[in-house]
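Structure in structure tokens, see below.
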Amino acid sequence: MQAIAKNDIKTGTVVDLTHEGHGVVKIDRFPIFIPQALINEQIEYKIIKVKKNFAIGKLLNINTRSENRVAPPCIYYERCGGCQLQHLSYEAQLEMKKEQVINLFQRKAHFDNSKINDTVGMTDPWRYRNKSQIPVGKNEQNEVIMGFYRQRSHDIIDMGSCLIQDSQHQEVMNEVKSILKDLNVSIYQEQLKKGLMRHLVVRTGYHTDEMMVIFVTNGKNWPQKNAVVEKILDAFPNVTSIKQNINDSHSNVIMGRQSITLYGKDTIIDQLTDSTFKISDQSFYQINSEQTEKLYNKAIEYAQLTGNEVVLDTYCGIGTIGLYMAPHAKHVYGVEVVPSAIEDAQQNATINQCNNTTFVCGKAEEVILQWKAQGIKPDVVMVDPPRKGCDETFIQTLLTLEPKRIVYISCNPSTQQRDALLLAEKYQLEEVTPVDMFPQTTHVETVALFNLK
């Protein structure tokens, strides 16, 4: 193999894209990963890091451009870590995400008879985030800065706009930056673990336009809070709720456990099709409401509900998917390990007048065995776990339960593929549909249908 050393300048043709969107050039089968390089491009690049099994390169010049390359519309794209694919046409982004799923399920796991559908995309793949989490800091000139982190760092890129956030959120961000400066509010400095203001979080109801503004502070004492609230309401009279969240943990976790309502309601309301949901500052709620409706509609299609089925909604959160399915089912049982989420789910069931739902707090693998002992046998099980996927104990419990169908929603196809191999003992993976919940990024969500053999 050719010698490869740091700072070498080389040329080559990009032959593949990684799941992180990096171009792959190979030298005698040795891969070099190059951010922002695209398949079939002939490029010049510099080796910046060499490892045992791969190297990292920096793109210097593009000698032959891909037909899928586009000019990134965001002026911060080269520095900000929020997006990874703005230089790739949206049609090619959707195809890349489908290829990622094909690679996981067919090429690696050999689910050769399982159908992989086209990625479900957006008509307008911008301004889709209904929640913004914006770090606050100071620059070298001691000026207040707000924006998003540089890739793989905690260096804040001071930004005036973000093309994937709700446009109202950037208006709030810019106003808050001015308010913090004018009122001389103490700013948290991560390295020193001193200062007050840590993050600004903004949540918006996609269909209702209700807005919640949350200030995350390093401690409860905040002398200027009344003045800040007054200025926010002067600038944005449509704000429904203003809250202070207290996080003095000095960790990477954005929000703490205690929140104080400074103005308005404790929650905001949003709708998904015909269902209404209360959302608190801490609630898990899908970031992209438009795509969530498409995702849930596909899940209902897979569930094949006629009104006579018992549905078990595991990892149910605030009850979004369970309540979405309730009008089409005989009864929905939801289980979630987070107590506050179950409280939200029960309130959401009341709001939606769903009398055919039961929500219980506990570990799914334990609660479903209790339900089994009570004679409750689900026809369909909904699974929507966090990125780490399902606990193996839960999978084994599910296999003993033997529902007719399992509908598995995942925000991490890699762990979904791992779990699919365990489910294959008794279930046939019929098909997988990728859904583009986060355009311009490498993330892809999937919904899969498993039928009992």
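Glycine is treated like the rest: Cβ placed from N, Cα and C.
Found this in Swiss-Prot, in case it helps:
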ACT_SITE  Cys411  active site, nucleophile
BINDING   Cys74, Cys80, Cys83, Cys162  [4Fe-4S] cluster binding site
BINDING   Gln286, Tyr315, Glu336, Asp384  S-adenosyl-L-methionine binding site
C-alpha of Tyr315 (S-adenosyl-L-methionine binding site) to C-alpha of the residue listed as 'active site, nucleophile': distance in Å?
13
Using other CB atoms within 10 angstroms as the count, which residue among the binding-site residues Cys74, Cys162 scores least?
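Taking Cys74, Cys162 as the binding-site residues, the minimal 10 Å Cβ count falls on Cys74.
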Quick one: pull the CA-CA distance for Cys83 ([4Fe-4S] cluster binding site) versus Cys411 (active site, nucleophile), whole Å only.
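With the alpha carbons as reference points, the distance is 17 Å.
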Could you give the Cα-Cα distance between Cys74 ([4Fe-4S] cluster binding site) and Gln286 (S-adenosyl-L-methionine binding site), in whole Å?
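Between the alpha carbons of Cys74 ([4Fe-4S] cluster binding site) and Gln286 (S-adenosyl-L-methionine binding site) there are 24 Å.
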Can you list, in sequence order, the residues of the same chain other than Cys74, Cys80, Cys83, Cys162 whose CB lies within 8 Å of the CB centroid of the [4Fe-4S] cluster site?
Tyr76, Tyr77, Gly82, Gln86, Phe148, Met159, Leu163, Ile164, Gln440
For Asp384 (S-adenosyl-L-methionine binding site), just give me the three-state DSSP call.
coil
Could you state the whole-number distance in Å separating the C-alpha atoms of Gln286 (S-adenosyl-L-methionine binding site) and Cys80 ([4Fe-4S] cluster binding site)?
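Rounded to the nearest whole number, the Cα-Cα distance is 23 Å.
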Per the record, S-adenosyl-L-methionine is bound by Gln286, Tyr315, Glu336, Asp384: how many Å separate the farthest pair of Cα atoms?
16
Could you name the residues, excluding Gln286, Tyr315, Glu336, Asp384, of the same chain that surround the S-adenosyl-L-methionine site, i.e. Cβ within 8 Å of the Cβ centre of those residues, in sequence order?
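Here the nearby residues are Phe284, Asp313, Cys316, Gly317, Thr320, Ile321, Pro385, Ile409.
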Taking the Cβ of Cys83 ([4Fe-4S] cluster binding site) as the centre, how many other Cβ atoms fall within a 10 Å radius?
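Summing over all protein chains shown, Cys83 ([4Fe-4S] cluster binding site) has 22 other Cβ atoms within 10 Å.
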Return the count of C-beta atoms lying within 10 angstroms of the C-beta of Cys411 (active site, nucleophile), excluding that atom itself.
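Within a 10 Å radius of the Cβ of Cys411 (active site, nucleophile) lie 18 other Cβ atoms.
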